[in-house]
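Only one structure is covered here, and it is reproduced in the block below.
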């Protein structure tokens, strides 16, 4: 099994980009956050009022005064605090769900709009980890930050109350705050970098596991399970090192904060106790000082919050590494009227330093069956991708009936694809064939399936066309025929078959090719061909070599070239091995 190499794109993305993403998330979720803010404000006010009311009640009891008004106010404050907490809990859950959903929607939408070359920069397991885990972590940060602000407001209120009760207690408190804040700042800065390392190692492990599971039959057939286990678990030492570093940093931070905070509290209580002895403070005020000191320290005690913020910043940066990749900009103009002529002018595609297409000029005539042949790595799959804008060229232009593909708004209406390994998307087989064409009737689905020579296969299944598409027992050839049916049902102006008949037996392939020749007459068909029979039935053959057109003509014309004849003796029987992704 090959080891998926994580793409380098997005490495320049910093925590600053992630912070901007988190800020935009907070702006989107302003409604539930406004409810949380209102509940937090009411709760903070009630929390700050309670020590003063409690002090008044205690002093009233000690002096023999009526404590009923203070007790009534305490009951009212407790009721406000309860309602505020309830509102915060409900709105906070809505904020977390909304934030996570918004991130996942944006991430998925951007991922699906990436060109094929950009999408393969990150392994599938790595992308799944970011979609599931990182979005949830980052999606909770608006509420976390609001809780942090609430803790800060409450702490400032508590410190202010200390100064109002006795300025000496306020000074005693403030004197120890800089030390505590320095500890927290160091803690958050250190944790952000460690979370980066931890999540990157976690992503590598997930990517390798996904890669191995995708090729589990090859692993078992090759007897390499032990080697694959070692390869999948290779990132574990880095994951363990980052995890232990996180725990050590957390332990040091908690220990230091746990040492500083009691010292601050003891200093404040000592000053207040001297005030009671000197007669400056009443006993109830001593209780209030103790409570307000605890409130003032509540912000500094937010170690878990600091960890959550550090983790969220790291998660947001990892999301931005994907969001920073350039997505395809959809066109805005309708497809032009025309028969389906494709034109390639100066088309160049480069990936990983290799030119897959090199300044290619080519015209695909309208209404004909054009076969593209060439050795492995010649650029056949890449040509098929740029023909329908699954991949944008680095340079040059592809046009359909005189209009650039990049300008056309709805290419899927005029260009259909069939692939070597089609994915069956949809609830059942009928929906899988009609995928992307809502409203397609069952008769049209069956007609396309019959043309692709798969109707009888589907009818033999217990539920026929209603058979669930997920996990249906089909051979590779039957699966390819379903993919062909999906392309045929679209009745597109141009149909591109990217190695879409490689798993068919010779007889079935001949039947399908006959359907392409006779059943789609008048429509443009671009076929990646590996068999001499496919090239022989084509109206035109384009011979690619090293990303350029070596020759073009009919099969009979090219057959006189010994190198062309030798080509079919060396072509693989399955898909070509170009350094370009196979799209499902």
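Backbone N, Cα and C atoms are what each Cβ position is placed from, and that goes for glycine too.
Given the structure is predicted, the values throughout are model-derived calculations rather than measurements.
As annotated by TrEMBL, domain 'ABC transmembrane type-1' applies to 34-303.
Residues or ranges marked as domain 'ABC transporter' in TrEMBL: 342-571.
Beyond the ends of the transmembrane segment (33-55), by six or more residues, the same chain brings 26, 70, 73-74, 77-78, 80-81, 83-88, 90-92, 95, 142-143, 146-147, 149-150, 153-154, 157-158, 161, 282, 284-285, 287-288, 291-292, 295 to within a C-beta distance below 8 angstroms of the stretch. Marked as transmembrane segment by TrEMBL: 33-55 (among others).
Under the heading transmembrane segment, TrEMBL lists 67-87 (among others).
Residues or ranges marked as transmembrane segment in TrEMBL: 143-165 (among others). Counting same-chain residues at least six beyond the ends of the transmembrane segment (143-165), those with a Cβ under 8 angstroms from any Cβ of the stretch are 22, 26, 33, 36-37, 40-41, 43-44, 47-48, 51-52, 92, 95-96, 99, 173-174, 268, 281, 285, 288-289, 291-300, 302, 305, 308-309, 312.
For 171-189 (among others), the entry in TrEMBL reads transmembrane segment. Among residues of the same chain six or more beyond the transmembrane segment (171-189), those with a C-beta under 8 A of the stretch's C-beta atoms are 159, 162, 249-250, 253, 256-257, 260-261, 263-264, 267-268, 270-271, 293, 296, 300, 302-303, 306, 309-310.
The transmembrane segment annotation in TrEMBL covers 254-276 (among others). Residues 162, 166, 168-169, 172-173, 175-177, 179-180, 183-184, 187, 282-283, 285-286, 289-290, 293-294, 297, 300-301, 303 of the same chain lie 6 or more positions beyond the ends of the transmembrane segment (254-276) yet place their CB under 8 Å from a CB of it.
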Distal contacts, the transmembrane segment (67-87) - CB-CB under 8 A, six or more residues away: 35-36, 38-40, 42-43, 45-47, 49-50, 53-54, 56-57, 60-61
